[in-house]
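Visitor: According to Swiss-Prot:
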type	residues	note
SIGNAL	1-34	signal peptide
DOMAIN	35-154	domain 'Bulb-type lectin'
DOMAIN	288-324	domain 'EGF-like'
DISULFID	C292-C304	disulfide bond
DISULFID	C298-C312	disulfide bond
DISULFID	C378-C399	disulfide bond
DISULFID	C382-C388	disulfide bond
TRANSMEM	437-457	transmembrane segment
TOPO_DOM	458-814	topological domain 'Cytoplasmic'
MOD_RES	S534	phosphoserine
MOD_RES	S549	phosphoserine
REGION	589-606	region 'CaM-binding'
MOD_RES	S629	phosphoserine
MOD_RES	S642	phosphoserine
MOD_RES	T659	phosphothreonine
MOD_RES	S702	phosphoserine
MOD_RES	S796	phosphoserine
Amino acid sequence: MDFLFLLLERKNKHMGKKRVVLLWLSIFISFSSAEITEESPLSIGQTLSSSNGVYELGFFSFNNSQNQYVGISFKGIIPRVVVWVANREKPVTDSAANLVISSNGSLQLFNGKHGVVWSSGKALASNGSRVELLDSGNLVVIEKVSGRTLWESFEHLGDTLLPHSTIMYNVHTGEKRGLTSWKSYTDPSPGDFVVLITPQVPSQGFLMRGSTPYFRSGPWAKTKFTGLPQMDESYTSPFSLTQDVNGSGYYSYFDRDNKRSRIRLTPDGSMKALRYNGMDWDTTYEGPANSCDIYGVCGPFGFCVISVPPKCKCFKGFIPKSIEEWKTGNWTSGCVRRSELHCQGNSTGKDANVFHTVPNIKPPDFYEYADSVDAEECQQNCLNNCSCLAFAYIPGIGCLMWSKDLMDTVQFAAGGELLSIRLARSELDVNKRKKTIIAITVSLTLFVILGFTAFGFWRRRVEQNALISEDAWRNDLQTQDVPGLEYFEMNTIQTATNNFSLSNKLGHGGFGSVYKGKLQDGREIAVKRLSSSSEQGKQEFMNEIVLISKLQHRNLVRVLGCCVEGTEKLLIYEFMKNKSLDTFVFDSKKRLEIDWPKRFDIIQGIARGLLYLHRDSRLRIIHRDLKVSNILLDEKMNPKISDFGLARMFHGTEYQDKTRRVVGTLGYMSPEYAWAGVFSEKSDIYSFGVLLLEIISGEKISRFSYGEEGKTLLAYAWECWCGARGVNLLDQALGDSCHPYEVGRCVQIGLLCVQYQPADRPNTLELLSMLTTTSDLPLPKQPTFVVHTRDGKSPSNDSMITVNEMTESVIHGR
């Protein structure tokens, strides 16, 4: 049945009546029933529907697999959305499989003649029973005579919470009921992530990755979680959390306005609230939403500020425990107190303690509830308790106190609570603040005076500096060993490019524009004109000239010369007739001009150029900005690596280096380089892996989004490879020009290159061997998937990012 649905959908892809035809087909293929009894089991091809027509129970499979599951899904919605699976760990494979109700009220799934693969357990019904699918989506086993519910699916949750279903705990019995993610989007067996609520007072929600906290909601305050600022006073909460006298707590979800809504815990650890709009699923909430949501990202006594990008800070009176770790963007060691507390209860002397209040805070973990009538009493109770480090009086909760490390704290742009932190009085010295204000005022005054004075000198010297600048550039270049480098005059380049006309413009990148030109001797050239706002300064400009002039290889672009005049900086290259690789791979028409054999030749050529840079040249070069737009193609479609402005040269036995100024292109940067500034041969290997998957798929890393969950290119490539469907990643424009084995091998090589740990990636020599031989390949480990922006927009083309030298790592796009 799934195959027929898929076939019909493809045939009616551009027809407005597709959904009607699909629905009509399902009437003839699927036999619907009102209930399951001992006399009437559920077989493959049959469904059990709820009376309101919203849900149905039936058999289903993924990608036309032989493995069949029994599950509940939304009726009439294509593609199928499964909200509960009975046999999530044991699929059936026999076409004679059926779901039956036994005489004792136990619901059992038989795999044909192979026995029972799943059971609801012993229900012990004495008068017979039946199975119904309620309008809420709850599958229930009911005793026929008494009407007593013997078993229900809402007490055995999967990865989805439906309206009226509950997450719960019981203090006395230790029972817990939560959500458990699927292993993958096509494997419903239990995955790595679990959602639970805690039995503390007040309760809070936890998203766990194994046994480790991954995300925390903050304590519950009557109608909202304090760690979710979206739940403000104007928010009509569809949630409730209640406790009964038996020590049980129930977290319930209701959506009165939409029968087709759900909350899902995805295989990659994201909680999504989804509502069906008649055509598609709208995401009304998704978390974790950013790095601040990850549990304990800023460590003890640190807090994460939600900004663009998020960053960690220490509370007033605290300093980073490890400055070096904070500089690299690793904040998990947290902060330590600068001035030791001397607890004297109500003392008013120099050793007295005071409170510093921080607004818009997600309350930290490890809180304790204290009975207080108001905020003033809450503060006094904390002051009288020497172990109390902070307090908060929260509407809907009351007084919370902290005597342990303040962990997993976030500061929102709006919303949140007031957190008061206990400090030594010296941290809030009034006189010290006054001195600071006076010093700032005097400094600003002097700055303004000096500014006006300097402005006068600047105006008289600006023309003089322009002339000096050109001589300085030329002198610097002459001190370098760059034989054969030609120095061009500006008027020569202006004539060659028709004064940099738009008709001569070949493209635009992060450092400026590239123009086609023709010299008087007939030579065709490409001119890279650095923009005045370019981040490529003197160092990068010199770097590119010196490096490229000393490198000679058929797969590297050749620089002919340069031109410096005033503020203008130009690089002159050999002209590449076919421009850059991205103009073919990502263009709907031109991609047809490069079939699979040609793409495979280009892949091997890039690898040879990379091997020359890393191993075979007299200089060892790390490119640091390898991407599709930096691969140029000559008239014979031979690839040439270009743009060496960010390249670094290694000497002797050096194999890696570290920088505090991280510059590169979003999506191509390896994890260790993006977040710690560490680069090596393996950084370029990671970029090559991304580039390889782009060439295979014809999809751009920064724009690709697959399926309802919006999977990235790396995530989709991993899913295809895990399912032995590597050929599914292939660009459809390639048709039958490829060999499936060769494509699958290249997908596996790409995944080996983008592994998280640099040590797991192949070196360049191993990479070229993998591409040119048929030797066995190692199995890749799951890569780190890049997360799309929350507004659904892709970054701009080849967006560059910079991590500046700060104690708080900040990322800027360019």
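Glycine is no exception: its Cβ is also placed from the backbone N, Cα and C atoms.
Walk me through the surroundings of each of these features.
Guide: Distant neighbours of the domain 'EGF-like' (288-324): 207, 212-216, 269-271, 331-339, 356, 358, 361, 405-413, 421, 423-424, 427, 790, 807-811; these residues of the same chain sit at least 6 beyond its ends, with a Cβ under 8 Å from one of its Cβ atoms.
Within 10 Å of the C-beta of C292 (disulfide bond) there are 23 other C-beta atoms, taking all protein chains into account.
According to its DSSP assignment, C399 (disulfide bond) is in a strand. Taking all protein chains in view, 22 other C-beta atoms sit within 10 angstroms of the C-beta of C399 (disulfide bond).
Other Cβ atoms within 10 Å of the Cβ of C388 (disulfide bond), summed over all protein chains shown, number 20.
All protein chains shown were included, and the count of other CB atoms within 10 Å of the CB of S549 (phosphoserine) stands at 20.
Residues 555, 581, 583, 631, 633, 637-639, 641, 688, 691-692, 695-696, 698, 730-731, 733-735, 737-739, 742-743, 746, 768, 771-772 of the same chain lie 6+ residues outside the region 'CaM-binding' (589-606) yet bring a C-beta within less than 8 angstroms of a C-beta in it.
Other C-beta atoms found within 10 angstroms of the C-beta of S629 (phosphoserine) number 23, with every protein chain shown included.
Listed in sequence order, the residues of the same chain lying 6 or more apart from S642 (phosphoserine) and placing their CB within less than 8 Å of its CB are L556, V557, Y573, S580, N630, I631, L632.
In this structure, S702 (phosphoserine) belongs to neither helix nor strand by DSSP; it is coil.
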Visitor: What are the DSSP helix/strand/coil residue counts across the domain 'EGF-like' (288-324)?
Guide: 5 helix, 11 strand, 21 coil
Visitor: I need the most crowded of these disulfide-bonded residues: C298, C304, C312, C378, C382. Count other C-beta atoms within 10 angstroms of each C-beta and give me the top one.
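Guide: Sorting the candidates by Cβ neighbours within 10 Å, the top entry is C298.
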Visitor: Three states by DSSP: which one describes C388 (disulfide bond)?
Guide: coil
Visitor: CB neighbours of S702 (phosphoserine) within 10 A?
Guide: 21
Visitor: Any idea what the model's mean pLDDT is for the topological domain 'Cytoplasmic' (458-814)?
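Guide: Mean pLDDT across the topological domain 'Cytoplasmic' (458-814) comes out at 79.
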Visitor: What recorded positions among C298, C312, C382, C399, S549 are found with a C-alpha within 10 angstroms of that of C292 (disulfide bond)?
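Guide: Neighbours among recorded positions, in sequence order: C298, C312.
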Visitor: Restricting the comparison to the recorded positions C304, S629, S702, which residue's C-alpha is spatially nearest the C-alpha of C399 (disulfide bond)?
Guide: C304
